[in-house]
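Look at TrEMBL and you will find B:Ser148, B:Asp224, B:His257 tagged as active site, charge relay system.
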2 protein chains.
Amino acid sequence: MSLELVSQTKSFGGWHKQYNHASSALGVSMRFAIFLPPQAQSGEKVPVLYWLSGLTCTDENFMQKAGAQRIAAELGIAIVAPDTSPRGDNVANDEGYDLGQGAGFYVNATEAPWRDHYRMYDYVVDELPKLIEATFPVSQKRAIAGHSMGGHGALMISLRNPDRYCSASAFSPISNPSDCPWGRKAFSAYLGGDESTWSQYDTTELLRNSQSKVPLRVDQGLADTFLTEQLQPEKLLGAAAESDCSLQLEQHEGYDHSYFFIASFIEDQLKFHHQYLVTE
Amino acid sequence: MSLELVSQTKSFGGWHKQYNHASSALGVSMRFAIFLPPQAQSGEKVPVLYWLSGLTCTDENFMQKAGAQRIAAELGIAIVAPDTSPRGDNVANDEGYDLGQGAGFYVNATEAPWRDHYRMYDYVVDELPKLIEATFPVSQKRAIAGHSMGGHGALMISLRNPDRYCSASAFSPISNPSDCPWGRKAFSAYLGGDESTWSQYDTTELLRNSQSKVPLRVDQGLADTFLTEQLQPEKLLGAAAESDCSLQLEQHEGYDHSYFFIASFIEDQLKFHHQYLVTE
């Protein structure tokens, strides 16, 4: 589990760093970014927010555009941003922006050719936290959040692993991937034509009848061009009503799917997580 | 002076918009971005900060990475970010990242082939503010700021036009372009081999003996890899000591030349400008 430092930049009194490492879950070299707040330099073990990005993104989009470091530095939270898929010349790919490299959907693929490397679920749930917690001055208090495809990933992963996360949130998540074009394309390829295998990775299906106590928050812009066809946050409300889960849906007039929306409300989401991360 | 709207995105209760327009100063179509804070929607005429970006940048880098909209929305300041040069297939260019398109240096070129379009000084000082003030709900209170090449541009323009700006600031400016590799390459090309013509565009030369009352602030990271060879902020201190100018130089241990540095201190710079922009 050796790490190669790619870059390090001081930011808001803490450090933004990028690393490469050989991932055993994915069978390729992966890059991730970590923001270590100032509190981590004084020996304090800080909690970690894992951020899962959306289609086409790398570890860089959130770290460069969300403005999250300012608040993370204030609250004493580390942020870890993995890439959105395995990458490389030997990794299966597709011409579309919504399948293959940059579009791993945080599942373990079972179908050829994807199953050789596309195991982002195992990477995000197991391998990456193990590496982070063995390497950096962080506690085992974890939160998980993301945007769009990564918003789906964050909610889905928290529902399947309620003991591992204190809280979960999403901006503009793909709420019901089994029933929208982005999700159906990806799940057909990665998981195959038998749709009964899809529900294990579908946030809306998981939420129905879930007994997870992980508090969930979703922020959705009402001028998001993907709202009706791809995102469908009303599905989450319906499913949460059938479950024991706590889901807070915040809808924002006029905001779209971009990082300007995320930047406008990331402070609210980080403060949402902070209240659960600091609880013993 | 007709404007074509390219994009509009809600951000921190205000609006980020991009426009194309035919520039008469440059003889090409130019894109700029404007952030209009919430106060501008209620009919209030807000002051404007002009932001000049560095080498290779467009109107997008600052708007996406600096996190400035949050504070501008709070303080009620509009921000205008022009491109860093004329662009297009018919515009002279160079293979280097530090000359030609993306590297206009905010001067009026006198030498062929650059003089056909490279008149960024006239564009930023005259044409763009005239367009902004005729189109948007803004006052004639102006501040100017920038990064690296744009930091040089902001300080230089304020020193040459003390009646037009309430305040000026820079992150990591190229302080003395006549005496560093980036500046000498650009000024030789745009202004020719007679170095006596360079001083009119050189901040350090202008600052010496200046009687400008425009307050100046400079933020410089001490881990900036360009510090010694290209930036040389100590030249500004020396020149300011020979002048009537007020120059505040803030040096920051550990910070580099990136937008993570800018994001870390943009709140301080915007609050610096705000105190002068709200004075009658």
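Going from the start of the chain as shown, residues are counted 1 onward.
Note: Cβ is positioned from N, Cα and C throughout, glycine not excepted.
Where the annotation comes from TrEMBL, it is an automatic prediction and has not been curated.
Here the features listed in TrEMBL are painted onto the structure.
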residue	record	CB count, 10 Å
B:Ser148	active site, charge relay system	25
B:Asp224	active site, charge relay system	20
B:His257	active site, charge relay system	22
Checklist outcome for this item: Expressed in Å to no decimal places, the gap between the Cα atoms of B:Asp224 (active site, charge relay system) and B:His257 (active site, charge relay system) is 5
Checklist entry - Helix, strand or coil at B:Asp224 (active site, charge relay system), per DSSP? => result coil
Checklist entry - DSSP on B:His257 (active site, charge relay system), three-state: which is it? => result coil
Next on the checklist: Which secondary structure state does DSSP assign to B:Ser148 (active site, charge relay system), in the simple three-class scheme?
Outcome noted: coil
Next on the checklist: Just to verify a number: CA distance, B:His257 (active site, charge relay system) to B:Ser148 (active site, charge relay system), in angstrom, no decimals.
Outcome noted: 8
